[in-house]
């Protein structure tokens, strides 16, 4: 099941590459069909999903791969990864629909995104560190080509910066993985076994160093302050669907690593360094929001709000490391919120970046002051944008609130000082409303004149993302019922 | 049955409102909206009588729980009925984007009703912030005007700043171990309970436009008048007061939060009363008055007079909705809301004029109208607590009479012929007037005026006692002397205001300068910090990364140089040296080694020749040699031993 979910898009990508005479329209629709089929498979898996026993995975698949180092082709999902693969499938389908109007090498683009989809799916279901690492690095390679090949502005430079920065980060991650492998007895790269063994328990120096290597690798990818400076240029110069995937899916690889690898495998080091992680989280929240507030370029602004939103996640998982007997429930609420935030941020920021793509498509600029009164000629865009903005600032009724309420409630209960981060929701409220005002209200002026409202493909790609955010915001139970048991397991593992 | 009524009460306006807001049903919008509002009002009466409770699992181990008790049985119908009346008015008043307007109003009403019936913190916060967001959209309803949108942003961001209190309260409640149900908050563990109370208090004060948050309400007057009639009389602002009434046991349990609420309420009633007296714009006056009147509600919550506070909340809702609608009707008809442009207006539209008069008299605290009785109920509780609090309350009541009197003077005083031109100069200054007030606008005023007259029964025996007991309080009656005193004060001040113009000091006219202070102390420094950090991000952090990349390149270049010059040079030199050494070695080889070898060979040949000498082949030579060797061997053995 999982292998099919992971490799179906890759197979389609290879087929697209093998058929150079395929027409553009056929290529675009093939992409949509494959992405839809993959989503259908994920939905089927979700419907059949039953929470596995603690420490185990559902739909496990294992085959020999590199027996010499005890690394196997091992896949599986639990409450941490299932929501993420569902979100990934949704984002990629939205991108496929959005790209139905793409004219620039559509066959190659479809193949590249299908490849990226396989890689992303593979990362979230990987249960072996080497496998995880391979997908992690391939995602960087894929995104490099997306930005360099279909970007605008200073795309080549931004792509190179993105590649080098995140690739170096991944090397730190690899060092950490090797550290885990060496410390494990018997040596293994298997995630389930490593989580059971907690290899470096008892050696705080080695444990701390290995954790540091892994944290740096993940922090670059997430990104957290101060490793975030590759993000704004990468987003600004990436194509709309590239940004949607980068923010929606690729950033989650970093935060997912925290709950999947760092916390369960290095619980002792995690507890020792919890305060550092919390501080990085708080700084990312406040710093990201403040810098976003000062932006005049809409896409850069959303990019910085991603730093802010990822900061909430880091904050919550850090707070989960402050183990005390009477805060187990609070820490589990915080981790649930963190995972919810990964899904929510994917949907919302994906939608916002696609909408930014509409600005670029029509008027070739993201500069907010070039617009004004856009709600007049483009009421649908205005409505979608308003919903996305409110979702991103954490308005109840939309998914961001469900995530952030739990993050704050749980984190504040575990570590009251984290209440500082609440400044973040004020700043994001102010900056999104200011953006709304700058672009959409007032007299119609500048680039807004003659602006064409959302087209069908845009409505049908962005709309479902926002509807999903609304559904999660109003009926969070189906999602939380999957996440909560897994979050409890993580909290328990960190408490060992 | 009644459970589904409660769900419907919240969901019906939410779903219809959301649908309308996104639709383009301009023609049918008002009809759909009125039908929905009417059904909602009916549902609110049903749930007020049946008192159902419902819940579904939500998040953080807490339910989304709704329930109707004695308090919400008063407040929920108030919200629903005022919503209906305001929407009737809007059907006549709002001519453009009707679908969006009615949709947003219904969404707002749904959130307000959820706030009024919420029984857990997540449910409350959920509704609480949706109220804020819809208020942003409604205040900025005319989005072509930048200043109105800015006013909406101010309202939302300011109230959200206070809302942060509820997030903190939720975290503290979770840590406090008693769960997130509002009713359980007072039994949280000792330390956390104070944090919960502080958070709730701040959030409520922000929403209720109490000090120091009041300024957002002034800006909110940029929105359409029906918006103010609902949001800034019966719902959003009132919900701030309501939250404190709802959590009164929590406030009381801390020992400090209740007195703090009482004093903030009293000071707001006093200072914002003064602000209202100084205003020259009718809507600004009414807004300041709203803050001041909500001050009495907040006082009631702080003084454990939930019944008095609730009665005042309901009576004020009716009174103030009425006055805002009247102000809106005149604004539409005459194009101005400046008091000096509205002089004598009651004589022009009699029904509107009389309705507004009833409202103003109620606001002034004239017996037996609504706010007279309800305010006195709160003041009685204040006297029981502290004479100072009572004195401040009385002073605030006198100010209410002063600003209400200011309205009455404007409405009714005969205009001398020579000042007609002066008044007419104000007309159509703010928008083109229609010179017309339609039936749809007038009908709701009558109903609200009725409320402004009779709702005092909520605080008077016997009805008031029933309510107090239902809320678990002993009925507390002001003495006849206190009631008479308040009436005398009200009438005296009214007479004074009729006789002499009221002072309009600048500090009060500018709402105590609170907005300017916020701009100077919070907004501008934050923006400056944001700019500075953005520069830091670009110039230092990013350049740091670029710098390290450049440094890495430089290092690589130097390494390449090192590689060329030093390493490679060394290798070259080594090989040159080896060649040279080899040549030397070859020479040496020829000269020395080879010679040595040759020499050795020659010596060996000589030795060989020597060694051949003894081998003569003659036996006696061999014997002699053997004896000699033996003799040497024996000699060696002897000497070595």
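Yeah, the Cβs are placed from backbone N, Cα and C, and that goes for glycine too.
Per TrEMBL, the listed range annotated as transmembrane segment is A:342-360 (candidates: A:342-360, A:361-379). Counting only same-chain residues 6+ beyond the ends of the transmembrane segment (A:408-433), those with a CB under 8 A from a CB of the stretch are 278, 281-282, 285-286, 288-290, 292-293, 301, 305, 308, 311-312, 315-316, 319-320, 322, 324, 327, 330-337, 389-390, 392-394. The stretches the transmembrane segment (A:273-294) and the transmembrane segment (A:301-322) meet in space: the count of Cβ pairs below 8 angstroms, excluding pairs fewer than 6 apart in sequence, reaches at least three. Between the transmembrane segment (A:107-124) and the stretches A:80-100, A:200-220, A:342-360, Cβ pairs under 8 Å are most numerous for A:80-100. Comparison of A:130-150, A:200-220, A:240-261, A:381-402 by number of C-beta pairs under 8 angstroms to the transmembrane segment (A:162-184) places A:200-220 first. Residues 80-81, 84, 87-88, 91-92, 94-95, 98-99, 113, 116, 120, 123-124, 129, 132, 136, 139, 143, 146-147, 150-151, 173, 191, 214, 217-223, 234, 299, 302-303, 306, 310, 313-314, 317, 335, 338-339, 342, 345-347, 349-351, 353-354, 356-358, 360-361, 490 of the same chain lie 6+ residues outside the transmembrane segment (A:240-261) yet bring a C-beta within less than 8 angstroms of a C-beta in it. Cβ atoms under 8 Å from those of the transmembrane segment (A:301-322) belong to residues 222-225, 228, 231-232, 234-236, 247, 251, 254-255, 258-259, 263, 270-271, 273-289, 291-292, 295, 331-332, 334-335, 337-338, 341-342, 345, 349, 352-353, 356, 368, 392, 403-404, 407, 410-411, 414-415, 418, 421, 424, 427-428, 431-432, 435, 490-491, 494 of the same chain, restricted to positions at least 6 beyond its ends. Long-range Cβ contacts of the transmembrane segment (A:200-220) within its own chain (Cβ-Cβ under 8 Å, at least 6 residues beyond either end) map to 165-166, 168-177, 179-180, 183, 227, 230, 254-255, 257-258, 261-262, 266-270, 272-273, 277, 280, 496. Within the chain carrying the transmembrane segment (A:381-402), a Cβ under 8 angstroms from the stretch's Cβ atoms is held by residues 302, 305, 309, 337, 340-341, 343-345, 347-349, 351-352, 355, 358, 374-375, 425, 428-429, 432-433, 435-436, 439-440, 451, 453-454, 459, 462-463, 466, 468-470, 472-474, 476, 480, all 6 or more beyond its ends. For the transmembrane segment (A:130-150), the residues of the chain that approach it from at least six positions outside its boundaries are 65-66, 69, 71, 73-75, 104-105, 108-109, 112-113, 115-116, 119-120, 122-123, 156, 158-160, 162-163, 166-167, 170, 173-174, 177, 189, 191, 221, 234, 237-239, 242, 245-246, 250, 253, 261, judged by C-beta separation under 8 angstroms.
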